[in-house]
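Colleague: Sending over a structure as structure tokens; questions will come in a sec.
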């Protein structure tokens, strides 16, 4: 296993664990809040915390999707181009994505400066900076994940292999193997 694939694997496990933990936590908070409301008690903080957790799930899940190249893409259009144009299109596309997320990380840091000293409305001991730190962290993670997955994506694209089609074909083959005894 190369250093790049090992780093990819470790980061994938960390992001998967974090995303699952956030999803379980969000589910638990919503269930507890609903049960409390049914019993006549309502938590003032639940909707604010749930919204923050949903945003965190979105950012960390997005980085995980970038690591596995599972965001919406146009492989068919890209692969229809001649190899020299394909290379240019890939570089332009990747460059634009990376530029966007670098700018987002920078803007996120500026947001944190503006929010210095602010606290959540319902949980006055929680700094808003903490809750919004997901913006620069998530954007930076997205850039790292995009760069870690780029070499494999580059190689497959230059070979004319679609990551989307390969995944679909693998799933079809798996289902055919499962169901071949039924026929």
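Cβ from N, Cα, C; glycine included.
What TrEMBL shows for this protein is this:
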- 20-39: transmembrane segment (TRANSMEM)
- 26-149: domain 'Tripartite ATP-independent periplasmic transporters DctQ component' (DOMAIN)
- 45-67: transmembrane segment (TRANSMEM)
- 87-109: transmembrane segment (TRANSMEM)
- 129-150: transmembrane segment (TRANSMEM)
Colleague: How does the model score the domain 'Tripartite ATP-independent periplasmic transporters DctQ component' (26-149) in terms of mean pLDDT?
Modeller: 94
Colleague: How many helix, strand and coil residues does the domain 'Tripartite ATP-independent periplasmic transporters DctQ component' (26-149) contain under DSSP?
Modeller: 94 helix, 2 strand, 28 coil
